[in-house]
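Undergrad: One structure, pasted below without further comment.
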């Protein structure tokens, strides 16, 4: 009941703005009428998560521009309340709170792995230096003179350690992009290999050199040089396993968004399932259009309206069986289905007409506003340097002239929750600063862009769940399907192996392209 009251109050706030808002109010009331009457207990059990309202848009006249607010824009930022895709049960809330508690453990695991890698890296870097310095500290008087050979080996060790340090920093010590559920197998194997390798060198050094106090200092230095050379080969092996192995495309994955069916195809190499999931999410934020649940409510409200229009009257009293009612419902639904496609056709045609009309008004308004900017720039060139207007003030000056057209277009295309007043002003001042055209300014609003284009804190899904029948550390295989879930939707990923291509060659004789043109001497003119 409370969700319905919130919805009616939200839509009633639109009624004083335009006649179209009244129609939206009636559609919103019909949308929530059927679910409330069908399942009254669910409204008491569910909790509605609303999109946070954006900042209000500036008005049309100069007085409203000075005040910096317009209540109409603030009221139209949230038009989704009580819908099922934003309703979660108490069990879901408990699960979310548990995930938040588990994230603390994930952070500890990430920092623990980074600490172990850093300690092992310091051990690897200082081990050759210790091999060279310990004999000089413990039994320096007993060492045999080395001379120029050792000095050359010192220079070789120094430069090799510098190269190893830079390569290790570039390969391992990078800012992590995500927290994966399982350990990276190849990286863990390399760390174990390095630890065993350094431990074996220390064991041999302690038994054969420290205990016996070997006096052959040149052999000790060459022993340290061999350690550095082996570490460089291990670093090369790490580059092959971590970077080069995955570059060759071996699989094609199809990513489908569960709510609207938008899909993309990507080519991947030899990756584990969890690393393939990271690649899919990175490409998702770049290639997929931003998820807009407002576009999905139209079809649901249309279906609810059709079901709400079916009424069955039992004239024989409550004692009659329910089979007659079922047949009547099926027959009535079949009759309405015959005419529903006409309603859908005219509804979509009317929506496209309104979008084109308001788009044309928006384009004209923006072009006039940018023409006014050019006049202002021409006037400012004649003023003193201290009296010139900065891009922010210019954007605030011309914004009221296009605010109403932009507001109506965004509300018609259901994009109002993605653009606040502050973001529009920042984009407008950016376009003015870089001398961009009206078409470049409108590109962000006429065509829905990817998620990266919008506010990171509001539209990014920070928590994803990987669901897979196979172990997430196993490699990709043909036919594997895994799902990436967030709060509002999920991404279904289907893996297909790139088929083996057999390419043959066919030789064409160059003489086969030659021909002779014979002309008859006696031809009619």
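Note: Cβ is positioned from N, Cα and C throughout, glycine not excepted.
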Undergrad: So which range, 88-110, 111-133, 249-271, 272-294, gets flagged transmembrane segment in TrEMBL?
TA: 111-133
Undergrad: If you look at how TrEMBL annotates this chain, which of 153-172, 313-332, 333-352, 353-372 comes out as transmembrane segment?
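TA: The listed stretch tagged transmembrane segment in TrEMBL is 153-172.
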Undergrad: Checking feature assignment: transmembrane segment per TrEMBL, candidates 56-76, 224-244, 392-412, 413-433. Which range matches?
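TA: Of 56-76, 224-244, 392-412, 413-433, TrEMBL gives transmembrane segment for 224-244.
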